[in-house]
Every structure is written in C-alpha cells, then in structure tokens.
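Engineer: Please see the structure below; I have some questions.
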Amino acid sequence: MPNWGQVMFQDAASSVMLQLVSFHDHALLVLTLVLTVVGYALLALMLNKQVNRYIMEAQTVETIWTILPALILLVLALPSLRILYITDEVSQPSITVKTIGHQWYWSYEYTDFLNVEMDSYMLPTSDLLPGDYRLLEVDNRMVVPMQLEIRMLITAADVIHSWTVPALGVKVDAVPGRLNQIGFTTTQPGVFYGQCSEICGANHSFMPIAVEAINTKSFMSWVSNFKP
C-alpha cells in the first residue's frame, strides 16, 4: 500500500515489478548523466568570452552529437524491450484467470476449475470493518497462489477499462471484443490493491481491484470450498 506523502514506488510484490523498479533507477541514472553534461555545456558556453563568428561547420562535433544520443537511446531501449517481452510472454502458467471489466465492477473466471467465477464490487463505506481501506475493499477478492505463474486474460463487456495493480507491476487495458494477455508471479503473500486506470464512466473511481496472494495449499482449499 502507498503511504501518505510517498514519492517512490510501492513495495514490489512480483518479479516483474522488481525489474521495473530496477529499470526506473537505470533510466534515472542515464537521465542524470545527460542533464549533467548538458548543464555543464550550457554553463561553459555562457561563461566563455571567446567568440568565433567564422565557424561554418564542425564535422567532429556533429558526429559526436549524432552517435552519442543513439547510443543512449539504445541503452534505454534494450532493457525496456526485455521487460516488455517478459510481461507478454507466458510460457508455463500454473493457472489462468479470465478478467472481464464491466461498468463498474470486475468479473473473474478461473478457467482451470469448474464453476469458480465471481463478480467483484467495491464495498460501500457502511460495510467497512476497522482496518479496511475506503474505496479499495471489495466483496470478492481475486485469490491467487503465490510464487506460481499466473496468466491473466483480460477483456471488457461494455467500454474500455484498465486492470491495474501497481505493487504487481501490472496494467492491462480491457477492450471489448479483444482478449489481452499478461503474466505475473507474486513473490510474497498479502493483499494488493489497484483500481481501474481508464476513465470508463460516472463510477470509474469506484471499481477497485484487490488481489490476495496465499500459499498453494490454502489456495486449493479455497477452490474446494468455493461457492458461486
């Protein structure tokens, strides 16, 4: 969960989010180096009292400021493409969860099990218990086994939604008539909250997401005792 006044990411709870945080630090380092060099160049030119009005070309400088930005973009693009490939490529998922966005709630279908499907609505303030989070708690959480690869198949029944859980590093558009796929693996038990991140109508702010990660034994027990 984010804290009041927090300026950085939430604690990473998936392998993908750990890599996203690492890539953020990598990109920020490159950005700092670029700003330092540009700032130094500007300051040096402003303080330089020597003026040459007859410079018509500078092949060496033009070569440097063409090749150097290309190399910097390459340094940023390669790790970014790697993470993008990892999130889209789901090789051996343990379970598949089909997620459907509605105005204004989510539906979850566990396709590997019979009749394990549910709708997930936001809990009104009057139903909250002490310690619950306002506008984030739901009546039915999406339960997943931790440390196992989960495949999400995401679509929508009406308008475009976006299924987003920051701690897991997951953000996928739910588009009517289209099935999007993403994979993630939770690294620790807990409850991770998110919200629809695509404006979808009057109650867009009131369709939260709650993902509960538990151990495999508890998950199988939950499936066995599940009542639609």
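Using the three backbone atoms N, Cα and C, a Cβ is placed for every residue, glycine included.
Pulled these from Swiss-Prot:
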BINDING   His161, Cys196, Cys200, Met207  Cu cation A1 binding site
BINDING   Cys196, Glu198, Cys200, His204  Cu cation A2 binding site
BINDING   Glu198  Mg(2+) binding site
TOPO_DOM  1-26  topological domain 'Mitochondrial intermembrane'
TOPO_DOM  48-60  topological domain 'Mitochondrial matrix'
TOPO_DOM  82-228  topological domain 'Mitochondrial intermembrane'
TRANSMEM  27-47  transmembrane segment
TRANSMEM  61-81  transmembrane segment
Engineer: About how far apart, in whole Å, are the alpha carbons (Cα) of His204 (Cu cation A2 binding site) and Cys196 (Cu cation A1 binding site)?
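Structural biologist: Roughly 7 Å, rounded to the nearest whole number.
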Engineer: Can you name every residue in this chain, apart from Cys196, Glu198, Cys200, His204, with its Cβ inside 8 Å of the center of the Cβ atoms of the recorded Cu cation A2 site?
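Structural biologist: So the extra residues in range turn out to be Gly101, Trp104, Val159, Ile160, His161, Ser162, Ser197, Ile199, Gly201, Met207.
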Engineer: Would you identify which of the binding-site residues Cys196, Cys200 has the most other C-beta atoms lying within 10 angstroms of its C-beta?
Structural biologist: Cys196
Engineer: Could you break down the residues of the topological domain 'Mitochondrial intermembrane' (82-228) into DSSP helix, strand and coil, giving a count for each?
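Structural biologist: Going by DSSP assignments, the topological domain 'Mitochondrial intermembrane' (82-228) contains 25 helix, 62 strand, 60 coil.
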Engineer: Can you name every residue in this chain, apart from His161, Cys196, Cys200, Met207, with its Cβ inside 8 Å of the center of the Cβ atoms of the recorded Cu cation A1 site?
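Structural biologist: Those within range, site residues removed, are Gly101, Gln103, Trp104, Trp106, Ser162, Ala174, Gln195, Ser197, Glu198, Gly201, His204.
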Engineer: Against which stretches of its own chain does the topological domain 'Mitochondrial intermembrane' (1-26) lie, if we need a Cβ under 8 Å and a gap of at least six residues from its ends?
Structural biologist: 76, 79-80, 83, 86-87, 133, 166-170, 184-188, 190, 192-193, 213
Engineer: What is the three-state DSSP composition of the topological domain 'Mitochondrial intermembrane' (1-26), stated as helix, strand and coil residue counts?
Structural biologist: 12 helix, 1 strand, 13 coil
Engineer: For the topological domain 'Mitochondrial matrix' (48-60), what's the mean pLDDT in this predicted model?
Structural biologist: 77
Engineer: How many other Cβ atoms sit within 10 Å of the Cβ of Glu198 (Cu cation A2 binding site)?
Structural biologist: 17
